[in-house]
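Undergrad: What follows is a single structure, and I will ask about it in a moment.
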Amino acid sequence: MSKFWFRFIQFQITSGSLHTKNTLNKMSKRSSFHRAPKFKPEVKAANNRPKYSVTMSSRKEKVQVLPEPIKSVSDKKLYKTIRLENGLTALLISDPSRQFIADENSSSEEESSGSDESSGAESDGSKSGQSAASDQHGSKKRSEFDEEKLAACALSVGVGSYSDPPEIQGLAHFVEHMVFMGSEKYPKENEFDSFIKKKGGSDNASTDCEITTFYFEIQEKHLPQAMDIFSQFFVSPLMKKEAMQREREAIQSEFAIAAPSDSNRKDQLLSSTFPAGHPARTFTWGDLRSLRERVAGDERLHAAAHRFRARHYSAHRMTVAVQARMELSALEQYVVNTFGQIPTNKLPSDDFSEFAFKPEMVSPEFKSLYYIKPVSDTTEVHLTWCMRSLISEYESKPHQYISYLLGHEGKGSLLSYLKNRIWALGIYTGNSESGIDYTSMYSLFSIQVVLTKDGLEHVDEVLEAIFSYINMLKKIGPSERIYKELKTIEETSFRFEAESQPADYVESLAENMHFFPPEHYISGDKLYYKFEPQRITELLDCMSADMVNIMILSNKHSTPIHYDAKEEWFGTEYKKIEKPKAWLDKWLNVEPYKDFHLPEKNIYITTNFDLVPPAPPYLEEAEKLGVDLKNSSVKDIHKKVSSSERDTKVLTQGELMATVNNFRLDQPNLLRKNRHMELWYKPDFKFRLPTALLYFYFITPLSLRSPREACLIDLWTDVMQQGLKEEVYPANMADLAHSLYVSDKGFTLKVSGYNQNLHLLVALVGRSVRAGARSLPRALFDAVRDVRARTYHNVLIKPHKLAKDIRMNILLEPYISPRDKAAAIHNITLADLQDFSERLLDKLYLQVLVQGNMPWHEAIKISENVLDTIKWEPLAENEFPEVKVHRLPLGERKIRVRSLNPSSTNSIVTNYYQGDATTPKHTAALEVLMMLMEEPVFDVLRTKEQLGYSVFSMMRYTFGVLGFSVTVNTQVDKFSVAHVEQRVEAFLKKFARDTRRGGERALAAARHALTQLKHTTDYELKEEVERNWREIVSREYQFQRLFIEAEAIEQIRLADIKSWIDDHFSSGNKSHFRKLSIQIVGNKPKDENEISDEKPKNLTLYYMEGNEDSVENSADGTDADFIKDIDNFKKDLPIIDVPKVELAQC
């Protein structure tokens, strides 16, 4: 998504702490913001796999070579574009780093016939923005590995949901699911996913409006076989009737998960305003109504799916992108051998030309004003214009120019004006370049304003201000200076672009290949090629008040809205009216306000891209060890460093000096350690780009003291973000990013980008932090407090978030729930916040990590300048906040509560099994166990039993304590949580029995795949930095964790796995069996025609018991098993002892 798409404060909760992030998004085909759903089916799995051996015959055919794509100067990969005889276009990407040579005739030596449960590992991993309390720990998150590289392949078909027959809506999405269900050559259902997971990879697919994309990644040695299995989905898929019935249920569950999203609901309502018969009116998701109830029998659906595939899944409408560390010639042969077999029908794609945009085609319904009842606690106004298709205008990108100016947050901007009147706190503008926004027929341009309570009362004036700003742009006309500034920023970004993850990269390119000529496959959605002012002017002329769709979402209207209509598919309640004539007349004639002006010249644009050489001690150490810093792998450097003795190094620059004990080339070194701070530093040897990352963790004893103070630090961070917006926005636009958010023990500042001006950005934020909330207007405080209260509410009405909140509430000490904060926040005053602002900065401890293209002495100066600016006193040893973990009692306990979202039928069951304080051996055993479990847990509970769409097992690493969980997202009208919980236990019993019977050879396959994953390379510096940062903020400082874990995994034997199962599973000896089942019960679906006057419910937990069946259809357990009061249950639980690391001062 483009940085010109939008800028807004995004609130994100993790582990009970709300993160406030200033998000800077990048527009691309792989946008995280989709106006229409891009369906992401869970990775599927199957048992009974054959022993694979690559036996592809080499096909000979003449390929047409197309122009090579333009690439960045920093991109060392080799590219070749070819078109096969069947019309398929393929982009071959050869990564020259340590080329891998595949043996086509070798079979996989670690394949096993001894166990059907060996599989790849599932992991969400700890995301970079998450706090340390996030206990998702995984073996497969790519940022956790080093050395190996995954190969990846994507295939995109030029058909999507807009080709659904009107009588079977959701058919394209359904076919996307079905083609994965086996082929004539590989007939076993989900055979591909089984193979992929066992080899440490993953696969997925997405259905968009006019394209459908499938992709996978895998260890490179298995790429040829994976391509063969994958390609057969498009050569001769089976799409059997029995699989059809199960996948239809999966689509229904997928839709049920998506249904409570206000964004999805609004988009479907917007789609319904298109004229009858227009493809945009399609219900793209599909559900049981569209795929069963409105279809005359399963035979008809089965036949329609096969017809759709035969008509549209033709080779000449397909694009393929494949990347590996192999020669281009080898990749070409693999593509010919596999995708060359796909048949072609040479039929044209559906002709949508009759629906090409014309102003007179915009319906009166589209041009109306809608009041929408939201599911979440939100207050927003959305404006949407329909305009011509912009796909062909990628060289000038006129919509991005307009989006950049409308979404600007600096001085003279629309948001600045609205914020100064306390009418709005955030704005989103532009086009997501995907989904219903960006089609071959039309494009949509949107403005979304997040309103305050006062802004809602003045919504007509907010809208007037928007039209005033648009009229200013029309009067001034397109500015070549602004356009050149955007062009320069994007060219610089492209020039120094970090490498993408292979799966993401091939997926993006395969989609781009449908829209751009070969030379622009890589750069088409990124660069500005030419300034075409006339195109900008034409779009601005489209953006008139009489042609706009307006949607107002809120449950805070001073005069209640009587919703009198309901959208067909999502059941969204709304009221449609014509725009009031008085409003419309003002909007059409408003003059530009004097407050508005174009942005000034951006002073943060980087001009110096020189690379900083490593300091002499680094070069001396490298020479002593025989290490080539530029070309040696991380693994090589680690081996040589580990086998040598540690030295003390003294770094000097003028009068500045740093003494480093235990100096190492393969990890950050500690340059400063005193009572105020610790500073870790590591230059970048690998990527050598003119960028750096600076991370600061401000630890305060106030963060975990009480719900009131937890609210105050949330509010303080929100206020900091609002105060910084105007000043920091130009820096963000120049690719100097910052985020400021609350963490478990304080607040975190992350700054990254081109190193030339990073110190200016840090200094700017430091001054703002020191100024605090002294000059904060009361009205702005009230608005920020209201948004923060909404955030607590919106987090907790999501069942999976509530499940995590309850689990953490039970396990952690101390823990402050958003429920507690929601109860406290409205009693906090501006005076309270101003007092807290001073107390917060009085006593702190700072952790700093600096990595990248920055000299060590600059890192010290920046860190010490932060201290000089904020001026804090050090913490006493007993003031350091600590989060501890309760030991669960032996046996099992359950907690069952009603979902806090009255509009959601979604139920969640998470069975959590607690281990002990982590050790390398126990961690390794559990990681292997999770890898063995991942495939069968999905196959049994999702594919076979159809308990829900989202089913996964996960390793948990909770503040140094191991554990694992199995989670199922079901619906209350489908299965009771009691039934789901029982089926999870039944699965684990069978899994334990099968694993005990498995042989060492089955274990060897999992060990090998895990070890390879641990050694997968970092694709960008940020991955290494985030990994090091987790070690610092957790104060564990195990910078060599990946190597330690890989070595421990190699030592795991079947006896270790059996021991873990016996100790921690209910089917074993139960000596360490500690289980907590968290069950969130969804609410019954409402009648389709019912218009509800239900008010949002409060956030008090409603505990349910095993014999309570008001919603449930079965009972389980005894009352003694159920927790009915969290605080009472946990008050006498012991704490698990987790060793801590102490650093010496330097």
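Keep in mind that glycine also has a Cβ here, set from the backbone N, Cα and C atoms.
Annotations per TrEMBL:
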REGION    102-144  region 'Disordered'
COMPBIAS  115-129  compositional bias 'Low complexity'
DOMAIN    147-274  domain 'Peptidase M16 N-terminal'
DOMAIN    306-488  domain 'Peptidase M16 C-terminal'
DOMAIN    494-613  domain 'Peptidase M16 middle/third'
DOMAIN    665-824  domain 'Peptidase M16 middle/third'
DOMAIN    827-993  domain 'Peptidase M16 C-terminal'
Undergrad: Against the domain 'Peptidase M16 middle/third' (665-824), which of these stretches has the most C-beta pairs under 8 Å: 147-274, 306-488, 494-613?
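TA: Comparing 147-274, 306-488, 494-613: 306-488 has the most Cβ pairs near the domain 'Peptidase M16 middle/third' (665-824).
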Undergrad: Averaged over the whole of the domain 'Peptidase M16 C-terminal' (306-488), what is the pLDDT?
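TA: Mean pLDDT, the domain 'Peptidase M16 C-terminal' (306-488): 96.
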Undergrad: Using DSSP, what is the helix/strand/coil residue split across the domain 'Peptidase M16 middle/third' (494-613)?
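TA: Going by DSSP assignments, the domain 'Peptidase M16 middle/third' (494-613) contains 35 helix, 12 strand, 73 coil.
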Undergrad: Quick one: DSSP breakdown of the domain 'Peptidase M16 N-terminal' (147-274) into helix, strand and coil?
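TA: Helix, strand, coil within the domain 'Peptidase M16 N-terminal' (147-274): 63 helix, 25 strand, 40 coil.
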